[in-house]
Amino acid sequence: MEKIVGLCKRRGFVFPSSEIYGGQGGVWDYGPMGIALKNNIAHAWWQDMTRLHDHIVGLDAAILMHPNVWRTSGHVDHFSDPLVDCTVCKSRFRADQVAVPSAGGPCPQCGGALTGVRNFNLMFSTHMGPTDERASLLYLRPETAQGIYVNYKNVLQTTRLKVPFGIAQIGKAFRNEIVTKNFIFRTCEFEQMEMQFFVRPAEDTHWFEYWCAQRWAFYQKYGVRMNHMRWRTHAAHELAHYARAACDIEYAFPMGFRELEGVHNRGDFDLTRHAQHSGKDLCYVDPDPNLDAAARRYVPCVVETSAGLTRCVLMFLCDAYTEEYVQAPNVAFSETTQTADQEGAARTGEMRIVLRLHPALSPTTVAFLPLVKKDGLVDLARAVRDELREDFACDFDAAGAIGKRYRRQDEVGTPFCVTVDYQSKEDDTVTVRLRDSMAQRRVSRAFLAEFLRTEIKHYRRP
């Protein structure tokens with residue numbers, strides 16, 4: 001994990017928040033590369049969920065909601081973790097992460113005596129208005145799903161969708177975690193990508209299995225190494241109070257396999273609870289003429305897909321990070337590689353760090369590099385870049401030797417480098433260098449955009 005953290009700080013992916021004041025523990029800011037990567041992941045998810053399905057629409061619900069939403073959902077009374085404190089060093093731990101989580105047990109930090117277990121509510125509270133009275137108490141949402149449930153009827157009435165249909169949302173959530181650790185894996189402020197799919201009660205198992213397959217295929221599509229992922233099915237005693245079934249997609253992070261995304265069959269729990277406590281009718285009347293009158297009116301069941309956007313950023317960085325040794329023969333701009341563990345590679349080559357991100361996710365798609373900063377090559381390179389910048393995320397780099405510039409682009413995952421040289425002035429061609437293989441192609445300036453689109457469309461990670 002140290003290498004990932006170092007790369008993120010060095011190349012502008014993630015910074016400690018409020019760093020000039022010493023930083024705020026467990027809170028992070030996303031730099032130029034980080035926000036671009038995060039936005040690209042969110043865009044890919046949004047397209048996969050909404051554009052590729054006729055029956056899924058989007059929503060952006062408020063962070064601050066009526067407190068009764070959280071009372072009804074059970075968060076006010078039950079959204080808590082077991083907590084123990086050390087009576088000596090005052091450290092706090094989740095009870096399930098301590099060897100002896102009971103009063104008098106040893107503190108894993110200093111060996112002092114621990115307190116007994118108590119429940120710690122994970123919701124942040126705030127107040128709306130000029131007073132701090134209980135009547136003005138609000139909560140920062142701990143999840144985005146409830147905003148979808150309370151808008152279910154609004155969406156149904158304004159879109160004329162029919163069951164089965166889904167509502168997708170990307171947004172921030174907040175949890176007052178007892179322990180924040182493992183970089184951006186577990187933080188107090190994070191972003192979720194969730195979709196709630198409303199189905200007939202008799203079809204919940206079918207759609208649960210369908211969305212399990214769809215979500216696995218998403219990560220496969222964007223080049224994640226499948227041998228680093230696995231499914232974990234929740235046993236009956238692990239299921240949340242609302243769930244009929246649950247499966248997690250886990251990824252092999254540096255600290256071990258951890259949850260990346262969950263798919264849950266929530267049954268009709270959420271809509272039924274909100275109907276009871278709000279007094280509103282949230283039943284659906286199915287227009288299918290093949291159903292009898294009694295079966296046509298029901299509360300839909302919900303199949304949920306819930307992914308952490310910030311965890312996805314970390315996962316894609318970990319999965320893409322590669323170290324390899326580069327051998328440079330005496331051929332202009334040519335490079336060959338040996339894997340980092342190949343015998344003799346470290347003695348004879350230079351190590352490069354490369355992020356093998358899918359081109360659709362990379363913060364920069366193509367970098368334009370004039371061979372030298374004279375003879376009009378800089379202006380020509382800028383002109384070629386300007387022809388493509390509306391369609392691709394472009395960078396321009398004229399500082400330093402060409403090999404150093406390649407390395408900088410490798411480290412941030414740029415899949416294509418376009419070198420403009422003296423031949424470019426003669427025949428209007430450029431050299432396109434491919435990140436993963438370091439192979440080079442001479443491409444006509446007129447066909448450069450089409451070449452890049454084709455490479456992106458047919459990209460396969462080596």
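Backbone N, Cα and C atoms are what each Cβ position is placed from, and that goes for glycine too.
Other Cβ atoms within 10 Å of the Cβ of Glu194 (substrate binding site) number 26 in total over all chains. Summarising the annotation, Swiss-Prot assigns substrate binding site to Arg94, Glu143, Phe190, Glu191, Gln192, Met193, Glu194, Glu304, Thr305, Ser306, Ala307, Gly308 and lists sequence analysis as the type of evidence.
Sequence annotations record features per position, and here Swiss-Prot assigns ATP binding site to 175-177, 185-190, 259-260, 308-311. Long-range C-beta contacts of Cys188 (ATP binding site), restricted to its own chain and to partners at least six residues apart, with a cutoff below 8 Å, comprise Gly26, Val27, Phe124, Phe174, Arg175, Asn176, Glu177, Thr180. In the three-state DSSP reading, Cys188 (ATP binding site) counts as coil.
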Worksheet item: Given the binding-site residues Phe190, Gln192, Glu194, Thr305, which lie within 10 A of Leu260 (ATP binding site) by CA-CA distance?
Response: none
Discussion item. Applying a 10 Å Cβ distance cut-off over all chains shown, what neighbour count does Phe190 (substrate binding site) have?
Written reply: 18
Worksheet item: Within 10 Å of the Cβ of Glu177 (ATP binding site), how many other Cβ atoms are there?
Response: 17
Worksheet item: Hey, of the binding-site residues listed (Gln192, Thr305), which one tops the CB count within 10 A?
Response: Thr305
Worksheet item: Can you tell me the three-state DSSP label for Arg311 (ATP binding site)?
Response: helix
Response to the item:
Closest by Cα to Leu309 (ATP binding site), out of the binding-site residues Arg94, Phe190, Gln192, Glu194, is Gln192
Worksheet entry | For the binding-site residues Arg94, Arg175, Arg186, Arg311, the one whose C-beta sees the most other C-beta atoms within 10 angstroms | Arg311
Worksheet item: Taking the binding-site residues one at a time (Leu260, Ala307), which has its Cβ surrounded by the most other Cβ atoms within 10 Å?
Response: Ala307
